[in-house]
Structures are given as C-alpha cells and as structure tokens.
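Asks: TrEMBL feature annotations, pasted as is:
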{"type": "DOMAIN", "residues": "6-364", "note": "domain 'Acyltransferase 3'"}
{"type": "TRANSMEM", "residues": "12-29", "note": "transmembrane segment"}
{"type": "TRANSMEM", "residues": "54-76", "note": "transmembrane segment"}
{"type": "TRANSMEM", "residues": "104-125", "note": "transmembrane segment"}
{"type": "TRANSMEM", "residues": "185-205", "note": "transmembrane segment"}
{"type": "TRANSMEM", "residues": "212-232", "note": "transmembrane segment"}
{"type": "TRANSMEM", "residues": "252-273", "note": "transmembrane segment"}
{"type": "TRANSMEM", "residues": "285-305", "note": "transmembrane segment"}
{"type": "TRANSMEM", "residues": "325-343", "note": "transmembrane segment"}
{"type": "TRANSMEM", "residues": "350-372", "note": "transmembrane segment"}
Amino acid sequence: MVEKIGYLDGVRGVAALMVAISHFFYGFYPSISSLSPLLININSINITLNFKPLIYMIIHNPACVPIFFVLSGYVLTYKFFQTNNPEKKQDIYLGGAIKRYPRLMIPACVSIIIAFILLSLGLFYNDTASSLLGPKNIFESGFAENWQFTPNLFDALRQGLFSAYFSDNKNGTDHSLVSYNGVLWTMYCEFTGSLILFAILAIFGEFKYRRILYIPVILIFIGTHYMGFIFGLLLADLFNNQEGIRHKVNNLYILIAVLAICIIYWLFINRLTNFPLLGLYKLDLIYIYISVGLLMFVILSSNFMQWLLSRSLFLFLGKISFSMYLLHGIIFASFSSLVFIYLFPKTSYLISFCVTFLLSMIVVFGASYLYYHCVDSQSMRISKEIYNRLKNSSCRVPITKDTKIPDNQGYP
C-alpha cells in the first residue's frame, strides 16, 4: 500500500512561500534582507542586531532551497522501497528518469516565454523601483540588475529547452544561462540530482548493504547541493521498508531536541563564514543540509507535524509551490515594481512597502493557481504520457505473417 505524503507537499509549499517572501524583501527592503551591521530604521521603529538571527530565519532563511532538494530525494525514491515488485521498481527509476526532463522543462520554459514577452514589451520596472531606494541599496540588493538586456527569442528558447537543465550555472552565479528567470538556477541541480538518484536505485537499490554505500556517496557530494538528494534518499530508505524506523522513533523529547538543533542552525548559520573545510568544503552548506535532514527526520517521525502540514492551507501552498517558485520573481519585477513606483512618492516607504507586498502576494497566489492548472499539472500529464507511450512501444510485439494469434485476441 502506497502511503499518502500530502504533508510533504505542505513542507514544499511553506518553503516556496518563504523563498518568495525573502526575494520580495531582497528587492524592496534590501537593508533588512542584507542585515547590515548598521541599525535598520523603519519610520522610527529601530530593529537592532539583537533581532538579527530571528529576522534572518524568517526573511532570509538559507534552508528553503535545500528543502526542495531533500524533498526531491525523498519523494522521487520512497515508492521504490515500499514495493517488492521488480517491474514496479524498474518503473520508478526508469520512468522517473524519462519523465524528469519534460516535467521540469515545460513549466520552466513557459515561465521564460512569459518573461521574454514582458521584457519585449518593456514591462519590467525593477530597475526604476530600485533606484528609489538609493545607489547603495541598488548595489546591495542586485534587484535592479535583472532583466537589463535586449530580449532574444532564440536565447530564451535555448535557456528554456536546454541551458537551464544541462549547463552548470555554478549555483546561479552564471546568470547568462538563466537570465530570463533567475530562480531556474536550481533546475540544473534538480535535474542532475534526480538522475543521480535514479542511477543509484538502478545499480544499488536491491543491494542488501546499500546503506553502507550512502556514506561514501555523501562524502563524494559533500559541500554541494547534491548532498540534499542523497539525504532524501537515505530518509526514504530508512522510513519506507519492512525494517523502517518510523515507529521506533516516537519519543517526544528526541523530536524536540532534533527540532531545536535545526532552529539553532538556522538562527546562527549567518554567523558562519564561507571558509573551506580542509580547503575543499564549505561548512555553511554542510550545516544547512544537516539541519534540513534533521528537520525532515522530525517531520517523518511526528504524527503531529504530519497532521499540521496536511491542513488545507499547506496543501494549497504545496499544490501551487512550483508555479509560485517560477512566477514570483517575474511578478515582483513587473507588477510589484510598478505598484511600488506609484505609491512611493505619495506615501511613506513603510506604507508603500506593505501595500505593495499585500497586493503582490495576492497576484502571486492567483497567478500560481492558474499556472498550476494550465501549465504545471499539464506537464505532469504529458510526462506520464511520454513514458507510457515509450513503455508500450517497447513492449509491443511486431506482427508478421508467421505470427500465430490466439482466437479472439487478434486485430479485427
């Protein structure tokens, strides 16, 4: 029996919402997002560094995108460990590998086409909105730098069909590969990480001592985002087999302690500098993935967390999470920037910011809901149809004049 994991959609929805919120602050209130050592002043409301960790966790949580990767590692593999049917196991890793490209490409490519159209019509106002905050804030936020180029349809299609998935953008630092929609830097990690997972399942999935092999695999990918996929795979293996540990870990105190560790990591991760570990690894990324892995461990072990994340609001956020992730930046740079430009000369900075934020989130939710039904859900259907057709064509036996067809089973 396949377990329902709607609560993990809730986790994904919360993470996507936090990404959107952090990017909004990044563009329209960069002084808070960057957490400058100077006092942050909001209309006589001073927020000192005493609140820095809390603000960092809420507004600029570095664990949001890693949550996506750990979730992918779990969701893409957990069914493999729930079945003993060899054919179903093959469908999971082979079908998953075949479906992954169209599943990611269709929604991502459509978002690029939308950005191309808006850019061609001159409907991005992020540079003007950023200029209202002053030269220093433009430098800090980088919000003004996006979509400041001449649109080219061939280049847009190249990014939407190829570059975003097959070219290493160095964790988003190579903006030329995803210039029409910067959040697509994760698509390369998502696509490559998924193929790594399916390869591991195909080669070692049936190996009795496969869990021992996870250790060297984690060490190979340590300090990279692929750690998240391996952590997700490990959790899927631990929680979804006959010897699963789900019911063995139900001590409330243990779960609270693990959750506390996650929060401590997130609160103080900004204090860690990006210094190499033994000249090879970055401690901050390692700590983030450890904390995300522990958080996932808590969620998978806690009935209360699963119940909470299965509420309608979180399920709705989970449903539109991919669409929200793809669209929010485009909306902020067009609609939100235009609203902010209109309000800023007429009222205070704080009111302009708050009104723009509320209107923007309404548009983001509405657009994401429509995008889910019109694009995202269709990509799931199309990817499944592609795999089913390939599977059926490979299983079809060619009919020749010498082929014996049993009675009542031939073609009319």
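Including glycine, each Cβ sits where the backbone N, Cα and C put it.
Automated prediction, rather than curation, is the source of TrEMBL annotations.
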Asks: Within this structure, do the transmembrane segment (325-343) and the transmembrane segment (285-305) have 3 or more Cβ pairs under 8 angstroms, counting pairs 6 or more apart in sequence?
Replies: no
Asks: With Cβ-Cβ distances below 8 Å as the criterion, list the same-chain residues six or more beyond the ends of the transmembrane segment (325-343) that contact it, or say none.
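Replies: Distant contacts of the transmembrane segment (325-343): 16, 19-20, 23-24, 27-28, 107-108, 111, 114-115, 118, 123-126, 128-129, 132, 143, 146-147, 181-184, 351-353, 355-356, 359-360, 363-364, 367-368, 371.
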Asks: Which whole number is the mean pLDDT over the domain 'Acyltransferase 3' (6-364)?
Replies: 83
Asks: May I ask for the residues of the chain that lie six or more residues beyond the transmembrane segment (12-29) and have a Cβ under 8 Å from a Cβ within it?
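Replies: Beyond its ends, the transmembrane segment (12-29) has Cβ neighbours at 58-61, 64-65, 67-68, 71, 126, 129-130, 133, 141-143, 183, 309, 314-322, 324-325, 328-329, 332-333, 336-337, 340, 353, 356-357, 360-361, 364.
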Asks: Near the transmembrane segment (350-372), which residues from the same chain, at least 6 beyond its ends, have a CB less than 8 A from one of its CBs?
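Replies: Distant Cβ neighbours of the transmembrane segment (350-372) are 20, 24, 28-29, 42-43, 107, 110, 319-320, 322-324, 326-328, 331-332, 335-336, 339-340, 343-344.
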